[in-house]
Amino acid sequence: MSAQAQMRAMLDQLMGTSRDGDTTRQRIKFSDDRVCKSHLLNCCPHDVLSGTRMDLGECLKVHDLALRADYEIASKEQDFFFELDAMDHLQSFIADCDRRTEVAKKRLAETQEEISAEVAAKAERVHELNEEIGKLLAKVEQLGAEGNVEESQKVMDEVEKARAKKREAEEVYRNSMPASSFQQQKLRVCEVCSAYLGLHDNDRRLADHFGGKLHLGFIEIREKLEELKRVVAEKQEKRNQERLKRREEREREEREKLRRSRSREHRRHRSRSMSRERKRRTRSKSREKRHRHRSRSSSRSRSRSHQRSGHSSRDRSRERSRRRSSKERFREQDLASRDRDRNSRDRSPRDRDRKDKKRSYESANGRSEDRRSSEEREAGEI
């Protein structure tokens, strides 16, 4: 890569896609599905293992340092939760590496001579010491490159101790194996990067392996995967708590709404009951008024009927008195007529005729008076 391209990449990484007013590069956003989320988090295996024996080539998704810069700026204000996508990507990659490691172990078990469990344990001890020496030598080289001489010297002392332990372990392993079998190269598969390690590898070979880009790259990927798992677990727990909190707030709001609706219903019910009570009272008062009015009207009607009955009784008594008086007059007239008849017997016939005419006339007058009195009595009764 030329110096100009390196400078451009550095500017992209620092300023993002919006530098120099270049709008053509903003056609794709970092949140697009075509962008590699592992690249945005600087843990894509295609970038980490680039230039090693297990170079994966170019990633199928977009890698752009400017998009990574945009994501780093935007992630300060909003959580996009891209760690989950990156974790899934790394888990899939590490699972493939672990499968290759198991396949390599099975192939070695089929090609190499079978040894007893005791001899296998002694060989495993030698491999562990080789791995420890290689890691320490890689650390010494790193400290020396950083200029930390004192720390590198301390680590070299630990390397010498590990070498002494290795010589002892090799001697024990040599004594437990036949000479012909011991000369054969005993291989072992690295648990980190699936590379083959020899039992008789020298320190330089071990340092090159454990300090190499392939082994360190796999260590970086595995450590990043563990970090992503922790971050995702924390964010999921945080999201679950926020979701639970929002649900509790919604439930509290619903309970508050229900309480308010119940209180409104209670007030409405009370107002209805009070209105019904007022109506009932007004109806009772109106009934009482009607009852009093009826009682007054009935008392008036009774008094009027009593008065009418009194008047009618007086009229009847008057009628009876009239009848009695008319009967008495009739009797008196009858008696008088009888007396005149007796007296007329001793008088002349002429006087008798005159008296008879007078009597008939009086009796006729008496009948007409009786008829008038009876008509008046019937009119009074009506």
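Each residue, glycine too, has its Cβ placed from N, Cα and C.
Per TrEMBL, these features apply:
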COILED    94-172  coiled coil
COMPBIAS  235-257  compositional bias 'Basic and acidic residues'
REGION    235-382  region 'Disordered'
COMPBIAS  258-311  compositional bias 'Basic residues'
COMPBIAS  327-354  compositional bias 'Basic and acidic residues'
COMPBIAS  367-382  compositional bias 'Basic and acidic residues'
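Averaged over the coiled coil (94-172), the predicted model has a pLDDT of 82. Residue counts for the compositional bias 'Basic and acidic residues' (235-257) under DSSP (helix as H, G, I; strand as E, B; rest coil) come to 23 helix, 0 strand, 0 coil.
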